[in-house]
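**Student:** Pasting in a structure now, in structure tokens, and then I'll have a few things to ask.
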Amino acid sequence: MEEGKAAAQKSLEDFDPKKAPKRNKFAFACAILASMTSILLGYDVGVMSGAVIYIKRDLKLTDVQIEIVVGIINLYSLIGSCLAGRTSDWIGRRYTIVLAGGIFFMGAILMGFSPNYPFLMFARFVAGVGIGYALMIAPVYTAEVSPPSCRGFLTSFPEVFVNGGILLGYISNYGFSKLPLHMGWRMMLGVGAVPSVILAVGVLAMPESPRWLVMRGRLAEATKVLNKISDSPQEAQLRLADIKAAAGIPENCNADVVEVANQNSGGDGVWKELLLYPTPAVRHILIAALGLHFFQQASGIDAVVLYSPEIFKKAGLESDGEQLLATVAVGFAKTVFILVATFLLDRVGRRPLLLTSVGGMVFSLLTLAVSLTVIERSRAELKWAIGLSIATVLSYVSTFSVGAGPITWVYSSEIFPLRLRAQGAAMGVVVNRVTSGVISMTFLSLSNKITIGGAFFIFGGIAMCGWIFFFTMLPETQGKTLEETEECFGKFGSWSHSKGNKDTHNSAEIELVN
């Protein structure tokens with residue numbers, strides 16, 4: 001009788017809804033520490049927007065020289081990005097993060113002591129290399145330690161810290177703007193060394209990426225790390241099996257250390273597979289990732305973030321204090337909405353959030369272009385147009401941060417197969433930084449040629465093309481393991497069937513939070 005009751009009770013429990021797994025605190029902490037590298041880029045971008053006002057006055061620079069000193073760091077960062085893929089496969093993701101922080105520390109100190117324009121350019125070169133390393137390694141490491149159930153949430157952290165760094169840079173501008181001219185901008189730039197010191201200490205608590213450990217044949221260490229960063233022991237075993245399969249290790253091989261063939265993932269074979277002889281899936285992944293990075297930057301986000309004081313000056317704000325205070329509002333809006341995005345990525349999904357975000361960007365850019373054109377052509381002060389310009393700058397950075405900002409890094413870091421991930425991510429960073437460099441090094445000249453309103457009409461058109469590209473080329477990857485995402489690609493036009501199409505063997509372990 002009692003056995004019958006127990007059986008009945010058990011059968012009733014089977015119908016109860018399964019509880020969503022709690023967020024893994026250890027993986028959460030690792031993601032935060034790794035993502036701190038992104039503060040380096042964010043702070044530099046934010047602080048330069050205000051510092052250039054005083055650099056231009058102190059060093060007597062032209063608009064073209066200002067464009068170069070602001071934008072050249074994006075091109076310098078290509079060196080770090082190109083080296084980061086091979087470096088992270090050689091010394092590991094963890095120590096590559098340390099290297100990124102150390103290089104940027106030197107660059108920030110040199111910028112703070114710059115006596116003239118050539119020395120400042122050299123300091124920007126050093127800092128740029130460190131930023132290139134940081135941009136590539138932070139999303140890759142975070143994606144590799146995150147459990148599938150909250151990978152979007154955790155992998156968006158680098159973008160969260162970029163925005164936090166931008167806000168800190170804006171606040172630094174406003175805070176140090178009261179100092180004497182020769183000292184204020186040097187303090188703004190030099191203080192950027194502080195986050196890299198904190199990063200160097202914090203990284204000691206981080207484990208190595210389990211995927212890198214498996215690539216090196218260190219299965220025992222990888223298992224230990226996976227048990228810490230997974231939502232359950234069963235999920236840890238499934239993730240280990242998937243990684244072993246991707247690395248070419250037999251599933252029944254359970255030795256502590258094994259020999260893995262072709263460990264040189266930075267060799268010619270990887271580049272041939274990516275560029276010369278890609279499968280349909282790899283070709284689609286490469287186009288999607290590079291297109292995502294291109295349109296993210298070509299829509300003008302760095303022009304707005306770097307030249308906010310100039311835009312607000314054109315909109316009718318006269319004093320330095322008003323311009324810098326409005327710029328702080330831009331940083332605050334970006335930071336708030338990137339935090340909103342982190343909670344939506346694993347609930348709404350990448351694709352709908354990205355399309356909604358870019359649609360909002362198109363509307364904001366075109367409205368900003370119209371309002372700035374009206375202000376420029378009007379002889380009277382139009383307060384409604386000034387207010388509309390400020391509001392649309394804020395709506396643009398907000399809609400960018402809720403989708404296009406974080407999803408670019410989340411999506412591009414999770415879609416490449418393990419064997420191609422480091423090099424694929426590095427290529428994405430190269431496209432991102434080149435596009436950003438072109439925009440930031442031409443914005444002032446472009447605005448002078450076709451007016452600032454005309455420049456934003458161009459950005460709005462580019463963003464519209466980006467929406468069409470994303471709608472056509474990007475399938476949903478929400479809730480899939482890193483090893484499963486490759487299956488979503490190479491089949492154009494079947495996106496509606498890709499979402500939620502998880503393998504049944506691990507659906508319980510990676511159930512999304514309701």
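Here the Cβ of each residue, glycine as well, is placed from N, Cα and C on the backbone.
Note: TrEMBL annotation is automatic and uncurated.
For 30-478, the entry in TrEMBL reads domain 'Major facilitator superfamily (MFS) profile'. Residues annotated as transmembrane segment in TrEMBL: 26-54, 66-83, 95-113, 119-141, 153-171, 183-206, 324-345, 352-372, 384-412, 424-444, 450-471.
Structural setting of the listed features?
**Tutor:** Residues of the same chain lying 6 or more positions beyond the ends of the transmembrane segment (26-54) and with a Cβ under 8 Å from any Cβ of it are 66, 69-70, 73, 93, 97, 100-101, 104, 127, 130-131, 133-135, 137-138, 141-142, 145-147, 150, 154-155, 157-170, 172-174, 177, 181, 184-185, 188-189, 191-192, 195-196, 198-199, 202-203, 205-207, 228-230, 302, 305-309, 320, 323-324, 327, 331.
Remote same-chain residues near the transmembrane segment (153-171) are listed as 23, 27-28, 31-32, 34-50, 138-139, 142-143, 145-146, 188, 192, 195, 305, 324, 327-328, 330-332, 334-335, 338-339, 341-343, 345-346, 401, 405-410, 413-414 (criterion: CB distance under 8 Å, separation of at least six residues from the stretch ends).
Same-chain neighbours of the transmembrane segment (183-206): 29-30, 33-34, 36-37, 39-40, 43-44, 47-48, 50-51, 54-55, 58, 94, 97-98, 101-102, 104-105, 108-109, 111-114, 127, 130, 165, 169, 172-173, 176-177, counting only residues six or more beyond its ends whose CB sits under 8 Å from a CB of the stretch.
A Cβ distance under 8 Å defines the sequence-distant neighbours of the transmembrane segment (424-444), meaning residues of its chain 6+ beyond its ends; these are 63-64, 66-68, 70-75, 77-78, 81-82, 84-85, 132, 135-136, 139-140, 274, 285-286, 289-290, 292-294, 296-298, 300, 302-303, 306-307, 310, 408, 412-413, 416, 455.
Same-chain neighbours of the transmembrane segment (450-471): 291-292, 295-296, 298-300, 303, 311, 314, 351, 354-355, 358-359, 361-362, 365-366, 368-373, 376, 404, 443, counting only residues six or more beyond its ends whose CB sits under 8 Å from a CB of the stretch.
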**Student:** With the transmembrane segment (119-141) as the reference, which stretch in 95-113, 324-345, 352-372, 384-412 has the largest tally of C-beta pairs below 8 Å?
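**Tutor:** Between the stretches 95-113, 324-345, 352-372, 384-412, 95-113 has the largest tally.
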**Student:** Who are the long-range neighbours of the transmembrane segment (384-412) in its own chain, taking Cβ under 8 Å and residues 6 or more past its ends?
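**Tutor:** Same-chain contacts beyond the flanks: 139, 143, 151-152, 155-156, 158-160, 162-163, 288-289, 292-293, 295-296, 299, 301, 304-305, 308, 311-312, 315-317, 326, 329-330, 333-338, 340-342, 344-345, 350, 353-361, 363-365, 367-368, 371-372, 374-375, 378, 424-425, 428, 432, 466, 474, 477.
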**Student:** What same-chain residues lie close to the transmembrane segment (95-113): Cβ under 8 Å, and 6 or more beyond its ends?
**Tutor:** 34, 37, 40, 80, 84, 87-88, 119-120, 122-131, 133-134, 137-138, 141, 186-187, 189-193, 195-197, 199-200, 203, 206
